[in-house]
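The feature N-linked glycosylation site is assigned by Swiss-Prot to N87, N296, N316, N355, N372, N432, N484, N491, N531. Positions annotated as signal peptide by Swiss-Prot, on the basis of sequence analysis: 1-19. According to Swiss-Prot, the topological domain 'Extracellular' annotation covers 20-570, 628-642, 704-731, 786-789. Per Swiss-Prot, topological domain 'Cytoplasmic' is recorded for 592-606, 664-682, 753-764, 811-843. Positions annotated as transmembrane segment by Swiss-Prot, on the basis of sequence analysis: 571-591, 607-627, 643-663, 683-703, 732-752, 765-785, 790-810.
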Amino acid sequence: MGPQARTLHLLFLLLHALPKPVMLVGNSDFHLAGDYLLGGLFTLHANVKSVSHLSYLQVPKCNEYNMKVLGYNLMQAMRFAVEEINNCSSLLPGVLLGYEMVDVCYLSNNIQPGLYFLSQIDDFLPILKDYSQYRPQVVAVIGPDNSESAITVSNILSYFLVPQVTYSAITDKLRDKRRFPAMLRTVPSATHHIEAMVQLMVHFQWNWIVVLVSDDDYGRENSHLLSQRLTNTGDICIAFQEVLPVPEPNQAVRPEEQDQLDNILDKLRRTSARVVVIFSPELSLHNFFREVLRWNFTGFVWIASESWAIDPVLHNLTELRHTGTFLGVTIQRVSIPGFSQFRVRHDKPEYPMPNETSLRTTCNQDCDACMNITESFNNVLMLSGERVVYSVYSAVYAVAHTLHRLLHCNQVRCTKQIVYPWQLLREIWHVNFTLLGNQLFFDEQGDMPMLLDIIQWQWGLSQNPFQSIASYSPTETRLTYISNVSWYTPNNTVPISMCSKSCQPGQMKKPIGLHPCCFECVDCPPGTYLNRSVDEFNCLSCPGSMWSYKNNIACFKRRLAFLEWHEVPTIVVTILAALGFISTLAILLIFWRHFQTPMVRSAGGPMCFLMLVPLLLAFGMVPVYVGPPTVFSCFCRQAFFTVCFSVCLSCITVRSFQIVCVFKMARRLPSAYGFWMRYHGPYVFVAFITAVKVALVAGNMLATTINPIGRTDPDDPNIIILSCHPNYRNGLLFNTSMDLLLSVLGFSFAYVGKELPTNYNEAKFITLSMTFSFTSSISLCTFMSVHDGVLVTIMDLLVTVLNFLAIGLGYFGPKCYMILFYPERNTSAYFNSMIQGYTMRKS
């Protein structure tokens, strides 16, 4: 025997063990004869603690528990819908709907009504291999109102494919059609209720909440869905979550329950959270809110789940207005014409009893006090609008429209025939009709896409006790705000419930503890920014070409800094370079014109042109220092200028050495001097120095790169300094060191030859040039070690131009002066006389 067969066998045993139905004459609140019967399961009396009475095979007596006004209101809605359909000529014409309704005591009485509905008129449920031709006494069941009961009943009805349309059970478990193939509902699932709550809290910027749940499946499942939803977003944090004690029916609060309530309220008093979300049946909240009043809580926001959001009994505790603002999620408000009068109508409808139907009663089909108690709450129920009532009303109409299709009804009559539950179930999935302006149908999960309302409790005499303030659409998953909220706070201000206040723009969140909603705000430092859509807890660094100030939410492009033409230093240096170029060109022409004269020969002859040409080229290449650096300009700075300068220095140095050799070494070391001159020692020296310099420069460039880069100005991060690669500075320092060595050598040789004939005594001119070169190079090295940025470029350019000017004017200037203004001294006779005078002084 399989598990399903064993379950059915157990159900049959239970059916025969339970009390037998009793024959009843006439109609009542719980019975109405008809051609097709609907079963109705409602909570008229509530026992929130499910006690298993099956252990001693007795059905609980529901009227021993507290009456639930809303439950009777919903039962009246089913009666009203059936009576309205029976009086309608366009829907099921000529067909009478009947009903059998049972009080399920919330949780205590679920199995017996399910078996009762499945049995036949003679209280018989046969064991068959095929139930496709089996006719239980009802074709569909409306209810019950809570998820636990709905699941219990569905586990029974699903074996027989009896359609079950619940009007208030929101658990997501019912969406599993493999487990609950016959379950449908006219209310959105718990996921949508939770989403509406979360969007409400996000709208009012409440990110620090307390969650209170009942100790049952309803509380646990909904709190789990809420926690899961909040974990996915991280926008809202739960300060703490507690379980509310479930009271025994008709019993005083036990000491352990009182201690549990006191502990919850003490934590609630000490927390900074001011928003409390409660998932619990309303009967579990009476003791809790009485304690809330006793503790004098004020300024809280209480968010109600659908199970107690529109409960008139809790609302009747008018002192609750002093504890804060009550908000709740419930089904949309749809006014049902005529229902408010029907709810408290005492007369019973009279219809002819079909011949094949014999009425009977079963347990928990009585509620003597229901009408009187409901009358006392009629004003609240009428003003609140028919919310869950419409869910019952639409469920009955969904079954009626399905029967209308199955019976092939036209405008005047229907074809009465046997309707099996599985036929009704198959057809009800395709039903689509308009009821009181709403288009109703079931989606693939069996849910009817009804709107949800966010309501606020009001206590004014003329006010709607459950005023709608917002609407939520399950299809769009969006909350639409339709009115303002009357906050029970000073100056009607929105209550604040935040672990930490929102950070200002440009401030990141530094978590405190385990909750992401608890943090301190830290300013994003310069060079970083905060993009909240990407990461609220870390400041992001700006790209290299961009910058930001403190507390910025975006980066901006930095200003590029380089040597520009319109700047004063550039203009001054350019003028000096132009003068140098012109003067060098003039010297070149003068020396070319007087190439055969003793003055030009004593200055070095052909070697003079070896100096003047690099000088001329160097002055002409000065513009490469101006403008954004490029690979070519960096190459010129690092290679061209330093090679030209080294050629000039090496020529001056070797020229000083050669003059000393002529007058000092020729007599003492004639063979060495002869070797020096025979193998063109001066040119070899210049070529060697040039080759060494070229090798150093090439090695430096190959080791790194000469590409220009942008670097942050240390004095102003908003500026990017465009310059050559930092290696350029290292190479410049190294090359300058070599030039300093040549300057020292040239100065030394010039000093040794200070006693030579006047025409050959170039000590003071070379000393001037070398001293200037030495001083400027030292200054440049010192400046580069201290400063950075465009100033280094300006200083480098200025030193380069001045060094070339010092060589050009310091070395060649006096000679041009003598050639142009003292031509009598530029003769061989004059030079010979000076040499003879020097020889006579030394002899």
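Glycine residues also receive a Cβ, built from the backbone N, Cα and C atoms like all the rest.
In the three-state DSSP assignment, the secondary structure recorded for N531 (N-linked glycosylation site) is coil. With respect to N531 (N-linked glycosylation site), the closest of these glycosylation sites in Cα terms is N296, chosen from N87, N296, N316, N432. Comparing the Cα of N87 (N-linked glycosylation site) with the Cα of every entry in N316, N432, N484, N491, these being the glycosylation sites, the smallest distance points to N432. Over all protein chains present, the Cβ of N296 (N-linked glycosylation site) has 9 other Cβ atoms lying within 10 Å.
Cβ atoms under 8 Å from those of the transmembrane segment (790-810) belong to residues 561-563, 569-570, 573, 576-577, 579-580, 583-584, 587, 611-612, 615, 618-619, 622, 625, 637, 641, 644-645, 648-649, 652, 721, 723, 729, 732, 765-766, 768-769, 772-773, 776-777, 779-780, 783-784 of the same chain, restricted to positions at least 6 beyond its ends. For N316 (N-linked glycosylation site), other Cβ atoms within 10 Å of its Cβ number 14. All chains included, 9 other C-beta atoms sit within 10 angstroms of the C-beta of N484 (N-linked glycosylation site).
The residues of the topological domain 'Cytoplasmic' (592-606), classed with DSSP into helix (H, G, I), strand (E, B) and coil, number 9 helix, 0 strand, 6 coil.
Annotation for N432 (N-linked glycosylation site): same-chain Cβ neighbours under 8 Å, separated by at least 6 residues, are Q439, L440, F441. DSSP classifies N484 (N-linked glycosylation site) as coil under the three-state reduction.
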